[in-house]
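Q: In case it's useful when we look at the structure, here is the feature table from TrEMBL:
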ACT_SITE  ASP25  active site
ACT_SITE  ASN73  active site, proton acceptor
BINDING   ASP25, GLU212  Mg(2+) binding site
BINDING   26-30, ARG38, HIS42, 70-72, TRP74, ARG76, ARG193, 199-201  substrate binding site
Amino acid sequence: MKSDSKQNVTPDLKDLPAHVGIIMDGNGRWAKKRFMNRVKGHERGSQVVRSIVTSCMELGIGILTLYAFSTENWARPKSEVKALMMLLKKFIVSEREAFLKNNIRVHVIGQKDKLPLDVQQEIDTTMELTKHNNKLLLNLALSYGSREEITTAVREIAKKINSNDLEFSDITQDLISNHLYTKTMPDPDLIIRTSGEYRLSNFLLWQAAYSEIYISDTLWPDFSRAEFVEILKNFQNRDRRFGKVSCSTSNAG
Ligand code: FPP
């Protein structure tokens, strides 16, 4: 895993987001602009994944959640789905040594059991080997969709009520959070979406309640460590009120 640039100023570490989520969008348009197959965009996108994972590790960000494949992405042409699965497998296998060396733990959120068996096996191996690592938690959202996640959580809770393991009055926001794929993690502080689209596309809808959102016009294959650092600086200047009143103003909403 190599950094694409080390010359960027490292932002003040004390105010960095603990958890960053990224909607990596624009691979197809990047390829189209160059009269290339969409898969070439995903290939270049994978290289950017490596560079941003390294940046998070070097900067001291604790959790990075990458939206790599959504529940809706299964409806793409078979050849594109196949290529994406191959790229995922390649990434998981080729980066394994780096994950171990750099104390990175790999985890998957989403319907892991829907992925091709060989991909599942490589993911399981990597998850098992890295399970005690604690510098960076790399969360790959695979066959992930918030609505599916919430539906599954509701079903699990209903089942527990049915079997008297839970009571109706036990249903709280914390209980719901603890039934999501992200149960052990803090909510994302910052969600970045590339390619200039202003939507969350079924990504961490419950968890994003108070996330700061940053939309970048850059297509994911062109995203760089330098821009990532600029976005982190932008985040550091946000006034996060969580629905309360700002410390610096008395009339803020
Ligand atoms: C969205 O771009 C991107 C995806 C659906 C896949 C993201 C995958 C990668 C970045 C590479 C593989 C991932 C890892 C973790 C190694 P799009 O195809 O929707 O682009 P478009 O909107 O321009 O068509």
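In case you wondered, yes, glycine gets a Cβ from its N, Cα and C as well.
Please go over these features one by one and say how buried each is and what sits next to it.
A: Neighbour list (ASP25 (active site), Cβ cut-off 8 Å, at least 6 residues apart, same chain): ARG193, THR194, SER195, GLU197, SER201, LEU219, TRP220. Reduced to three states, the DSSP call for ASP25 (active site) is coil.
Remark: ASN73 (active site, proton acceptor) has VAL81, LEU84, SER143 as non-local neighbours, by Cβ distance under 8 Å and separation of at least 6 in sequence.
DSSP assigns LEU200 (substrate binding site) to coil in the three-state reduction, placing it in neither a helix nor a strand.
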Q: With respect to ligand 1, which members of the recorded positions ASP25, GLY28, HIS42, THR71, ARG193 satisfy a Cβ distance under 6 angstroms to one of its atoms?
A: ASP25, GLY28, HIS42
Q: Give the number of CB atoms, excluding that of ARG193 (substrate binding site) itself, located within 10 Å of its CB.
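A: There are 23 of them.
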Q: Cβ-Cβ under 8 Å from GLY26 (substrate binding site), same chain, 6 or more residues apart: which ones?
A: GLY41, THR194, SER195, GLY196, THR218, LEU219, TRP220, PRO221, ASP222
Q: Using C-alpha positions only, work out which of the binding-site residues GLY28, TRP30, HIS42, THR71, TRP74 is nearest to GLU212 (Mg(2+) binding site).
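A: Nearest in space to GLU212 (Mg(2+) binding site), counting only the binding-site residues, is THR71.
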Q: In sequence order, which same-chain residues at least six apart have a C-beta under 8 angstroms from TRP30 (substrate binding site)?
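A: Within the chain, TRP30 (substrate binding site) has Cβ neighbours under 8 Å at GLY41, ARG44, GLY45, LEU219, TRP220, PRO221, ASP222.
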